[in-house]
Amino acid sequence: MQRANHTRPVLIIGAGLSGLAIGRLLTNNGIANIVFEASPPERSQGFAISLHDWGYSLLLEALGGLSLRAMTKAVAPDRFIGGTGWVDLIMRDNTTGKVLVEPDVDARPAVIRANRNSLRAWMADCGDDELDVRYGHRLKSISGSVGNVQAVFENGAEYRGSIVIAADGVHSAVRSQVLPHIVPEVLPVVVYHGEFQVSHDEYDRCVRPVIGTANILAGVGDGFNTPITVCNITKTQVHLDWSYSRPARGENDPLFSTKTPEDQTRDLPQALLEELASRQLAEPWAKYINPETIQQHSVFRWISRCVYMPTADALHAAQAGVVFIGDAWHAMPIFGGEGGNHALVDSVELAAAMVKEANVERAVAVYYEGAARRCQEAVRRSRSRFYVLHRPMAEWRDIAEKRRAKAALEQKH
């Protein structure tokens with residue numbers, strides 16, 4: 001059993017949400033660490049994600065008992081106009097705009113939206129000591145064992161540390177070296193994502209009447225979804241994104257591919273344009289998600305992937321001085337998945353174990369005892385949840401009718 005070597009820092013690979021979160025938590029607790037990131041510092045992930053109370057509450061507590069308001073003031077997409085990232089969780093029929101499903105007020109989950117760029121910056125700043133983040137460091141190899149690991153980077157830099165924390169996402173370079181047999185599984189789903197901006201006046205005129213003060217306008221159709229979400233609002237501009245998603249229609253679906261796309265789709269597939277033209281969308285979806293308008297947007301084809309790691313494999317990697325957090329060991333599809341939330345919980349739980357346990361090997365074992373089942377079950381749920389969110393319209397209307405009948409019955413009593 002190896003004792004922690006406090007003269008050697010913890011080496012964190014990846015400066016995404018989980019990497020920055022655990023870097024900040026370790027730094028705040030006096031545990032030396034270095035965060036390495038392959039990308040340049042100006043890389044952008046400007047879209048927003050949903051944070052659930054079971055994720056952000058643990059993070060806020062671990063950061064010293066910060067208030068939710070302290071976070072939303074820094075990360076909410078609508079923070080510049082006094083918003084708090086509120087989400088109404090309403091599902092609307094995207095062909096009529098009418099409400100299909102609305103959560104009960106008493107049972108509404110606590111969910112907020114956060115701009116990813118802002119969330120990363122906020123976490124990095126949540127402490128007295130600056131984080132040591134080294135960009136332009138793409139991992140080449142790792143070697144050694146727990147207590148004494150070496151990381152070599154493509155730029156020639158070499159570092160020794162007590163342990164490597166793999167926070168490098170679904171395509172984890174660390175995982176591909178120590179557990180090469182665990183590879184991402186591509187789910188048979190179609191997802192196109194577009195980013196655009198409008199003036200504040202246009203937003204108030206065209207989107208606000210339907211979305212209100214919420215940050216997501218969830219539109220569901222007959223087996224497909226068209227959410228429009230707020231990424232960032234300023235006094236003059238509103239940055240928005242839309243998604244068009246549905247299950248793949250067999251192997252010959254012209255919109256489904258397992259090939260990794262370029263960063264941005266330059267030439268939109270004719271099949272996508274024709275499919276969108278056939279959807280009789282209501283406003284405001286029709287205004288922004290149509291064959292003509294989307295050609296002026298930045299459009300991306302997203303591949304939905306899952307990563308599932310058995311506990312035995314995770315513990316085997318630990319013997320080589322590697323511990324996993326975030327998408328590197330539990331990637332989930334962006335629709336129906338809660339990967340970002342589990343990544344934050346991973347960071348909190350691993351940091352807590354490392355602070356409490358002087359023995360590195362024991363700290364990792366304690367972390368996996370709590371995290372493995374949580375994450376494995378979340379990956380399993382995420383596979384089916386995509387299809388639940390993309391059900392036929394007849395099922396959505398049946399759910400809506402049953403809820404109305406239940407509400408009417410409760411009012412009588």
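Even glycines carry a Cβ here, placed using N, Cα and C.
What Swiss-Prot records for 1-23 is signal peptide.
If you look up Swiss-Prot, you'll see ASN5 (among others) marked as N-linked glycosylation site, on the strength of sequence analysis.
ASP327 (FAD binding site) falls within a helical segment according to DSSP. The FAD binding site annotation in Swiss-Prot covers GLU37, ALA48, ARG120, ASP327, GLY340, and the record cites similarity to another entry as its basis.
Residues or ranges marked as N-linked glycosylation site by Swiss-Prot: ASN94 (among others). Sequence-distant contacts of ASN94 (N-linked glycosylation site), defined as residues of its own chain at least six apart whose C-beta falls under 8 angstroms from its C-beta, comprise GLY219, VAL220, GLY221, ASN225, THR226, ARG279, LEU281, ALA282, TRP285.
What Swiss-Prot records for ASN232 (among others) is N-linked glycosylation site.
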Cα distance (Å, whole number) from ASN232 (N-linked glycosylation site) to ALA48 (FAD binding site): 8
Inter-residue C-alpha distance, GLU37 (FAD binding site) and ASN232 (N-linked glycosylation site) (nearest angstrom): 25
Longest CA-CA distance among GLU37, ALA48, ARG120, ASP327, GLY340, per record bound to FAD, angstrom: 21
10 Å Cα neighbourhood of ASN232 (N-linked glycosylation site): matching binding-site residues from ARG120, ASP327, GLY340: none
Binding-site residues compared (GLU37, ASP327) - the one with the fewest other Cβ atoms within 10 Å: GLU37
Secondary structure of ASN94 (N-linked glycosylation site) (DSSP, helix/strand/coil): coil
